[in-house]
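As written in TrEMBL, here are the features:
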type     : residues  : note
TRANSMEM : B:9-27    : transmembrane segment
DOMAIN   : B:95-304  : domain 'ABC transmembrane type-1'
TRANSMEM : B:99-122  : transmembrane segment
TRANSMEM : B:134-158 : transmembrane segment
TRANSMEM : B:178-200 : transmembrane segment
TRANSMEM : B:235-261 : transmembrane segment
TRANSMEM : B:281-307 : transmembrane segment
Amino acid sequence: MFMSPLGSRFTKAALLSFAIGATTSTTAFAETTVTAVMHAPLRALDPAISSAYILRNYAYMVYDTLLALDADGNIKPQMADWAVSDDGLTYTFTLRDGLMWHDGTPVTAEDCVASIARWDQVDKTGQVMASLMNDMSVVDDKTFTMTFSEPTAVVLTALSKPSGIAPFMMPKAVASTPVSEPITSSIGSGPFKFVADAYQPGVSATFEKFDGYIPRDEPSSGLAGAKEVLVDEVVWTTMPDPMTAASALMTGEIDFIEQLPHDLLPLVEGNPDFQLKIFAKQGSQNLARMNHTLPPFDNPEMRKAVMLALGQQPMLDAQVGAGSEYGNTCPAVLGCGSAYASDYLADEIVNPHPEAAKKILAEQGYDGTPILLMHATDLANLTPQGPVIAQQLRDAGFTVDMVSMDWASVVARRGSKATISDGGWNMFSTTNVLPDVDDPIGFIGVAAGGDTAWFGWPDVPEIEQARTDFASVADPDEAKAIALKIDKLVKDNGVMIPMGEFSSVTVASSAITLGVDAEAPVFWNLSKSE
Amino acid sequence: MGVFILKRLLSAVPVLFMVAVIVFLVLRLSPGDPAVMIAGPNATPDQLAALRDAMGLNEPLLTQLFVWLGQILSGDFGVSLVSGQPVTHLIMDRFGPTLSLSIVTLIIAVVVAIPLGVVAAWQQGKLLDRLVMAGSVLGFSVPVFIIGYTMILIFARILGWFPVQGYKPLSDGFGEFAIRLVLPAVSLSFPYIALIARIVRTNVIEVMNEDYIRTARAKGLTERGVLMGHALGNAAVPIITIIGVSIAMLIGGVVVTESVFNIPGLGRLVLEAVLARDYTVIQSVILLFSTIYVFINLVVDLLYSLFDPRIRY
Amino acid sequence: MTTPTLTEPSVPAQDLPEMTTVPETGTVKATLRAVFSTWAARISLIVVVLIVAMALLAPWLGTQDPVQIAPGERLQGSSLAHFLGTDSYGRDVYSRVAYGARISLAVGAGTVVISVLLGIFFGVLTGYFRWADLIVMRFMDGLMAIPGILLAIALVAISGATLTTVLIAIAVPEIPRVARMVRAVILGVRTEPYVEAATCLGTGIWAMVWRHLLPSTLAPLLVQGTYIFASAIMTESILSFLGAGIPPETPSWGNMMAEGRVYFLLKPELILYPGVMVSLTVLSVNMLGDVLRDQLDPRMAKRL
């Protein structure tokens, strides 16, 4: 056909890639392979550079954590057990026996110290922990200690946290890489080994059972307990077209879809060949955010008008289907499933009040300057948010300029503090998974430290004080009182507006026995019958 | 001839240089920051700055352009800003599926279109001709994803003859490879069947009116012999030309088809790269596509001059 | 290359100079007569007229606000309130189809205007001035070599999804084709005696371009414009499908298909209504293009 210097290079390359295909296909003869369509493609391999869920989920396959949360949210030992000194200042961690890296070398306390030191630079809770820490040192191969300047429980929360950026343990050689430099190694001590040869960034990732992994004795619960791998191989793929994914599931080409669009559920509902499963911990909260630094939302009254204008039901209708059981309205900032659920201003938050909003607009002399609302169009859960918010604001008398763009552009533009004409913004919306939301320290939506806060930059010192207090209390009742105070302050100041909660639906072939309900879709304790 | 080829090859250099500059500028002026996409929502400004630094994004634009051009000339396409993998490796990985899809599409298009065009020419003005011509305009008028979805519905879901999606390399066996390419290639081939059939028809009609064909007929050659032996043979140049043009146009069509049928090819690679602002990948893939395009045009030009010596630049 | 047009985009320009049919007054009538001569042409014309009427009269055709969402009433079937049911936001599908005609025709017309005007400008520039030829044509060649759909996606990503951006993104890859054609025609007529005579008489350059050179390009431009029109409508739908189209709120047929794709197995009509409209429009316009070409441009007709 055609040949140019470049062309022939790539033709050769293509032939080469056929050959690479041949080496990987030998693993395709493994007895049980589970093919799963994940919610997003895996493109990077460093869990410390991003809080993207797919990266976190990948890390739970390949790496292990020192501590883990069980199904009830209790902190349990995973790789290590711990002891606290009587003064509450020193934590001693002891690694359990038999931990091994995928290259066959044993896991040591040195590895863990290096891993924690890399991770605590990037994670919000990790940074709080690091700021309180005086010293972290290796005692012997299996023991290390952390010493703090004041008694704190944050260390256990931090080392068991399953979201934001979770603390995964890596070999020291890898963990010594500066945080600014993404790692490409995938040597962990987790229950699955990453098959690097078969990895196609953005297309597929293959994991095989790691025979050297010794599960804990306790039964599996949440992310804690035994992680038993019951299949030989797990292949993650991404499909850009949900219709194609659904069709592929129905013809048996794939076994598992992490998130099937709710509108496609009728295809599989009632069909005995498929099972639907809701992992409660993977539910999400919708959130609307205003820019506190620009008019009109530098005015608290105008923010209140928006809160009154918005309502949750239409949003949920558009996201998961009218009257669907997969969505629920929720006035609580920290999530309705959390210990900190609150009913404060429930009616104002949940239901639209266009007339009340109009009244405020009139009082404040709103002149019809358009509200610039950023609308992400390339993520299934976010796509419906923009039009619904725009419509509700318009119904309440706002002029809305909804700007549609891909998520990358939203992420870039929301960082801008400029005026609208110079590329700034007034409002955007997104979702967070519930385990991220119910943590008053880690939840980005409630931080209100002005310039240091999340995009929108609300400046409410009382909230920051409350969050600091929360980090240092150990008593659950006291913690709850502070959390409820944060909830109230967030609503009173229009820091963020909760827009309802919905659960994602996982669909799998009936041949699959699904694993535990955890924050991440995990593939241990999951089996497949022929 | 050798000088002519050399001249044409050299003339491709400034074109590709232009492509490189246009693509580079278009991308770097776009909002969106690969560092932000990688670092996620919780990144601090310091981390972002460090990440940008590590990715070379803090250099002046012109420096970045020349660094990149220099790298290309030395055969180094850099590493993906998102996955950290060498771009050449990523392209290698994705080249096989796109190449296979393009070739199979083209084979289907040619195999179907040439007989259609010849039959239409033979039946010129009659019902069959009109049907072929109307069908060919229709082939242009239905969006490729609608054809694709309909194919999936009928042949994969209802009849179960073919898999819905996916791609297997040739090394997994010809059967596995071929069965997954049928639906996407057929869906994608519609406009090309239309295009090629029209060209074949017109040129065969033109040739059939020439004197020597009349002579051949008068000598008692069968209609089929005339059509296949003489008419089609003499219409070969424009037909080959349009096939060349089709190859160049295919590049656009594969983007949609790869998305519908979940084929991990270059089209999807570049689409994902745009969404993640993975500059190095976008630049390299577009440059690759453009090189192929320029090269095919070159071949078309050469064919023209080969068959029609009057044409010289 | 985004979507194939019915013309050959990259046939070497030297093949074109002989197309110098200057339309005479008589051919306008002849063309009109020809347009009505076959059934296919007549039907195409009627379809085009109907679609234009639908676009112009959309507000008076019993439509509702095509942007008004009502999530509580989403994905309903046909009813008296919603002739063609509702989409995934509870918007009225019939109204969106009707208003969508406006967008699609605007995209088609806008693309033709932008690409033909700029194409003429660059074509004349390069056809008439040797110095411009070198630089501008290299740039045009570069632009032409970039796969149109990829360039369009990148352009939309830069400037954000607005109708204007999408128009420009669709039109820009068409410019080199028009420019090349205009340039070829002008290269052909530049040496004609009447043009040389005019040059001797001291006619200004642009006056001469206007009076003597441009008329020769009219016929091929008209034909080319028709195909660009059809191709632009198709490209809009593909861009929307890939998520790089007109803002999703805007009722365009491409957006409707892109949003409806998820429901193909459950409510195929969501994608089929706009799909049929796109196909009908593109089909009719292409048919008319064929007729025009046969009449105005016999040489091109022979080639295709």
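Glycine is no exception: its Cβ is also placed from the backbone N, Cα and C atoms.
Just so you know, TrEMBL annotations never went through curation; they're auto-generated.
Source: prediction; values computed, not measured.
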Folded-back contacts onto the transmembrane segment (B:134-158), same chain, C-beta under 8 angstroms, at least six residues removed: 116, 164-165, 183-184, 186-188, 190-191, 193-195, 197-198, 253, 256-257, 259-261
Beyond the flanks of the transmembrane segment (B:281-307) by at least 6 residues, Cβ under 8 Å: 4-5, 8-9, 12, 15-16, 19-20, 23-24, 27, 68, 72, 77-78, 80-82, 87, 90-91, 237, 240-241, 244-245, 247-248, 251, 266, 269-270, 273-274, 313
Residues from the same chain, set at least six apart from the ends of the transmembrane segment (B:178-200), whose C-beta lies under 8 A from its own: 100-101, 104-106, 108-110, 112-114, 116-118, 120-121, 132-133, 135-140, 142, 144, 147-148, 151-152, 155-156, 162-163, 165-168, 232, 235, 238-239, 242-243, 245-246, 249-250, 253-254, 257-258, 260-261, 263
Distant-in-sequence neighbours of the transmembrane segment (B:235-261), which means Cβ under 8 A and at least six residues beyond its ends: 97-98, 101-102, 105-106, 109-110, 114, 144-145, 148-149, 152, 164-166, 183-184, 187-188, 191-192, 195-196, 199-200, 203-204, 206-207, 267-268, 270-271, 289, 292-293, 296-297, 299-300, 303-304, 307-308
Positions on the same chain near the transmembrane segment (B:9-27), where near means CB under 8 A and six or more residues out: 64-65, 68-69, 72, 277, 279, 282-283, 286-287, 290-291, 294-295, 298, 313
Intrachain residues whose Cβ lies under 8 Å of the transmembrane segment (B:99-122), provided they are six or more past its termini: 128-129, 132-133, 136, 167, 170, 177-178, 181-182, 184-186, 188-189, 192-202, 204-205, 208, 223, 227-228, 231-232, 239, 243, 246-247, 250-251, 253-254, 257-258, 263, 265
